[in-house]
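Beneath this line is the structure, given in structure tokens, with notes to follow.
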Amino acid sequence: MRTPAQFLGILLLWFPGIKCDIKMTQSPSSMYASLGERVTISCKASQDINSYLTWFQQKPGKSPKTLLYRANRLVDGVPSRFSGSGSGQDFSLTISSLEYEDMGIYYCLQYDEFPLTFGAGTKLELKR
């Protein structure tokens with residue numbers, strides 16, 4: 001009789017294309033910045049996701065707002081002070097000149113593969 005570990009080994013050999021969920025690592029987890037300051041948030045994928053990355057802004061009690069898609073494409077109506085860059089595994093969101101309304105939590109999301117996975121978020125607060 002085979003043990004569960006042996007069955008798992010056989011399954012992994014049988015299905016070489018099986019992948020783990022893509023992990024998205026955001027940094028920093030929180031930051032304080034002054035008005036007018038340039039702010040950059042990073043997001044790293046555990047594997048190549050091409051440019052299939054979206055950035056969201058979340059404010060308390062409100063629905064998430066999509067800022068950029070395909071890593072660097074600005075959604076209509078989003079101010080041009082927001083920009084995105086990167087491809088493959090390393091991405092960043094930059095706010096060129098911080099405004100008060102930019103405070104909130106920012107999330108990256110990969111949509112290269114299912115299940116879609118989010119970064120843990122970056123809380124952006126005003127430096128006093």
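Placement of Cβ uses the backbone N, Cα and C atoms for every residue, glycine included.
Residues annotated as signal peptide in Swiss-Prot: 1-20.
According to Swiss-Prot, the feature region 'Framework-1' maps to 21-43. For the region 'Framework-1' (21-43), the predicted model reports an average pLDDT of 99.
The DSSP secondary structure for CYS108 (disulfide bond) is strand. Under the heading disulfide bond, Swiss-Prot lists CYS43-CYS108, citing sequence analysis as support.
If one looks beyond the region 'Complementarity-determining-1' (44-54) by at least 6 residues along the same chain, the residues whose Cβ comes under 8 Å of a Cβ in the stretch are 19-20, 22-27, 66, 68-72, 84, 86-91, 108-113. The feature region 'Complementarity-determining-1' is assigned by Swiss-Prot to 44-54.
Sequence-remote contacts of a segment are chain residues at least 6 beyond its ends whose Cβ falls under 8 Å from one of its Cβ atoms, and for the region 'Complementarity-determining-2' (70-76) they are 51-53, 82-87, 91. According to Swiss-Prot, the feature region 'Complementarity-determining-2' maps to 70-76.
Annotation source Swiss-Prot lists region 'Framework-3' at 77-108.
Here Swiss-Prot flags 109-117 as region 'Complementarity-determining-3'.
Remark: secondary structure over the region 'Framework-4' (118-127) totals 0 helix, 6 strand, 4 coil, with classes taken from DSSP. Taken from Swiss-Prot, the feature region 'Framework-4' covers 118-127.
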Take the region 'Framework-1' (21-43) and count its residues per DSSP category (helix H/G/I, strand E/B, coil), listing them in that order.
0 helix, 13 strand, 10 coil
Please compare the disulfide-bonded residues CYS43, CYS108 by how many other CB atoms fall within 10 Å of each one's CB, and tell me which has the fewest.
CYS43
Please work out the helix, strand and coil residue numbers for the region 'Complementarity-determining-1' (44-54) from the DSSP assignment.
0 helix, 4 strand, 7 coil
What residues in the same chain, six or more past the boundaries of the region 'Framework-4' (118-127), come closer than 8 Å to it by Cβ-Cβ distance?
24-35, 37, 39, 41, 43, 58, 100, 102-109
